[in-house]
Amino acid sequence: MPASEYRIVASTRRKELKTRLWMAGVLGAIAYMVAPGWTPAVWYAAVLLTQLIDVIVFAPARASDDDWRPSPGFRIAAIASALITTLVYSASGAYMWLYGGEVGKLFAMMQFAGGLLHVCLHMHPRRDILLAAMLAHGGYLLGMPIYEAFAQARPVMAVAAVAGVLYLAHLAVAVRQSSETNRALREAERESREAAVRAEKASAAKSEFLAVISHEIRTPMNAVISAANLLRPTRLTRAQREHVRMLSEAGDILMGLLNDVLDFSKIEAGKMELESIVFDPREKLEALGRMWRPRAEAKGVALELEIAADLPTAVRGDALRLQQILFNLLSNAVKFTDQGTIRVEARWAEDMLSVVVRDSGCGIAADRLDHIFASFEQADAGTTRRYGGTGLGLAISQRLAQLMGGGLTVSSTPGQGSTFTLQARLSAAEPVEAETVMAPAVEVESLDGLRILAAEDHPVNQRILSLLLEPMGCRLTLASNGAEAAALAESAVFDVIVLDMQMPVMDGLDAARRIRAQTGPNAGAPIIALTANALDNHRQAWAEVDAFAFLTKPIDPQALAATLGAARGSARAAKSVWQAA
Ligand code: ADP
């Protein structure tokens, strides 16, 4: 790469300019002391001038990028400048040689040798420039003794020239070796850069694969869970009810796993974005206590909750993600504790929420403590057999806590229990009712005769929609993609439009935009978004097309019925209601 070779030479020359000028001052002073006169001063001025020209000549190379191609003019100017600067620089040595007596000669030889060493070290990436500089210094090194041998008739001086040749030979070997070492280094550097890029690509491909697979599994999983939900209220024998319960539970566990894998791949890909809403942390903690206390007590373990009095009642942050972390910590505490107490303490200091979850469970061995936050790591191999889990929960929780400007740490004594400390930066806020509303508190109206247009590409999900809606008296028209739905909305009249997000041909968002742009009867119809992708940016995108509500899959029959009722009730609701499943 000529560009980088020139750049290295040019920037090293620039970097060492000060040292060269300073050294030239010392050399000039010594030359003056050894052989007083005007010459050293004139020489120093010449050094200044030639060094200045050199800085200007090499400027394009210093500012170059890798695509830069040196012009023939630049190449010649660079070689000429290197030759002239070195010729001028070493001229003080020639002066010393000629007028400084034996000491001057000795000093001059050392100066020429030093100059050669100097240029070899910093010009070796460009052979042509190096040769020009060596020619100047080497010319003096060999030329001065030879001149003296002939002109002053002192043949013994030829020995000094031979010493100079030997020195040059040593230098040549050293330069070759250092060039090879440098080339090997550059090669290794290039290879490691390429390896890093390959590793990054592989990791991105893995995350992408995980995201796609978990999404693909979620769709049929939604169908399984929805089917179980549909079965539950029907007439069942005791054994059948038990089977449905197993189906539901297994479905929920699988869904949790899939969500973990999705979260993890999002974090890995740097795509995890946190929401910022106003919520009551106290209420979240108490709800968590209500949820886990019965499960702990069923195992004979007490669950104590202590919330500091100064914990604000309204803070701004990502409530769902905070709950996810706390849920994980409590789920682990309950899972790994068979006796004693689980204690949750929440404190508040300078916009930092600290929650300590302390249990009297089995604890974690010291050598495993560092590993439990790594992905897919469990404290010991028997954990999965005994307790299940993937070892993703803590990895996700810790990264989420870090994204929240805090962290998650652990201390543990095997046999005595573990203490997890969560810290999350949240800002105290004014309580805002609207922002904390998550579910619409709307009267469910009768759905009898409700005309619904639903776009859903998956046949199983289509079937579930009709199984859910038709018994409620809804008149359901199904479209298998967004384009079909938009075409249907042109002519027939519908009370509500339900759109899946990801569909072939045209996705739900595009369909919504197309329907909103129509002049037909449904341009203002309430649109309910239905999706397996509960991402925050999706909510935003749906809000932009003025969707009435946002429901996540698996479809919760009650939530769907309530939302449809609310949609009918408000016809074109003045205010959108957002629901998180
Ligand atoms: P998992 O889904 O396996 O629970 P986690 O990432 O939540 O994954 O936990 C990783 C491992 O850390 C667990 O398998 C367990 O071995 C250990 N661990 C987590 N919490 C506790 C606890 N409170 N007591 C003992 N061990 C725990």
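Glycine is treated like the rest: Cβ placed from N, Cα and C.
Record note: among 171-205, 381-415, 171-205 is the stretch given as coiled coil by TrEMBL. For ASP500 (4-aspartylphosphate), the Cβ neighbour count at a 10 Å cut-off comes to 27, with all displayed protein chains included. DSSP states for the domain 'Response regulatory' (451-568), grouped as helix (H, G, I), strand (E, B) and coil, give 55 helix, 24 strand, 39 coil.
Only residues 6 or more beyond the boundaries of the transmembrane segment (21-38), in the same chain, are considered here, and those with a CB under 8 A from a CB of the stretch are 44, 47-48, 51, 89, 92-93, 95-96, 99-101, 103-104, 107, 111.
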